[in-house]
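These notes are about the structure you will find just below.
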Amino acid sequence: MTPRKKLQGLVAATITPMTPDGQINLSVIRQYVDYLVSEQNVKNVFVNGTTGEGLSLNIQERKQLAEEWVCQGKDKLDHVIIHVGALSLPESQELARHAAAIGASGIAVIAPFFFKPTNKDELIAFLQKVASEAPAVPFYYYHIPPLTGVKIRVEGLLDGIKERIPTFQGVKFSDTDLLDLAQCINKNEREEFAFLYGVDEQLLNALAIGADGAVGSTYNYLGQKTNLMLQAFAKPDLALARKYQFLTGEFLNFVIKLGFGVAQTKAVMTFVSGISMGPPRLPLVDASEEFIVKAKAKLDSIVWPDGD
């Protein structure tokens with residue numbers, strides 16, 4: 001599944017389906033792939049990340065999910081990016097080798113967040129050790145300081161990174177520091193790297209400063225609407241693009257006030273797609289029935305510019 005073109009556009013941060021007793025449910029991945037492609041017009045996925053509860057899964061589970069997404073995505077998906085980050089360097093390296101062996105389009109790594117790197121050289125050293133285990137696979141840094149607590153600016157990481165990590169292709173930028181993102185894009189004069197934004201409710205802001213696309217959980221169930229926003233932005237029809245962003249934000253603002261996280265995302269995806277995503281893994285707990293009723297009513301009440 002070696003990609004022929006730069007990673008851009010929408011990338012669904014995939015949910016990990018689980019059975020009622022908390023085991024990963026591989027049996028619905030094929031249906032999940034078909035749903036993303038046919039219903040949401042999303043052909044890129046980011047597997048085993050935050051939305052996928054990747055750090056709550058064991059190594060074997062992560063490998064099984066990666067294999068299933070690559071297998072079911074063959075000839076259907078453009079890019080299958082596997083997140084291989086872990087607190088343990090040897091585990092992350094093992095996952096990187098596995099992703100390469102199964103033909104993943106790319107790998108991504110989060111910063112270690114218990115014993116944390118304190119400067120860019122320490123972080124790059126860790127990333128390089130992982131990337132070198134998959135020397136023919138595009139490598140992406142997964143920047144998410146709100147969860148890792150690692151606030152090393154990405155702008156600084158870019159200086160000389162190709163010499164340290166020859167496979168480096170870009171960043172999943174999941175932070176609200178648009179100044180840092182803007183400086184990254186400004187440095188990327190030759191458009192060598194891909195910058196994919198990870199804060200769904202602020203995507204239009206990121207597009208305005210040159211982001212190549214986005215990785216996020218809402219593209220599992222609002223991918224079609226967000227694609228229409230991308231099309232409006234490209235025309236350019238900024239008023240229409242803003243309308244889509246505002247309506248996405250209206251939904252997210254509503255559910256965030258109710259308490260919105262991975263468990264609730266699973267519930268929303270279940271009622272929108274009809275594919276059971278199951279419960280989250282502890283310490284996360286199931287979305288309440290009250291949340292499901294209110295979230296569904298809110299989503300159903302939104303009148304999108306395309307008439308749905």
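Using the three backbone atoms N, Cα and C, a Cβ is placed for every residue, glycine included.
For Thr51, Val215, the entry in TrEMBL reads pyruvate binding site. There are 29 other Cβ atoms within 10 Å of the Cβ belonging to Val215 (pyruvate binding site).
Taken from TrEMBL, the feature active site, proton donor/acceptor covers Tyr142. Counting every protein chain shown, the Cβ of Tyr142 (active site, proton donor/acceptor) has 27 other Cβ atoms within 10 Å.
On its own chain, Lys172 (active site, schiff-base intermediate with substrate) has Phe46, Gly49, Ala108, Tyr140, Tyr141, Tyr142, His143, Ile144, Leu196, Gly198, Val215 as residues at least 6 apart in sequence with a Cβ closer than 8 Å to its own Cβ. According to TrEMBL, the feature active site, schiff-base intermediate with substrate maps to Lys172.
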Thr51 (pyruvate binding site), number of other Cβ atoms within 10 Å: 25
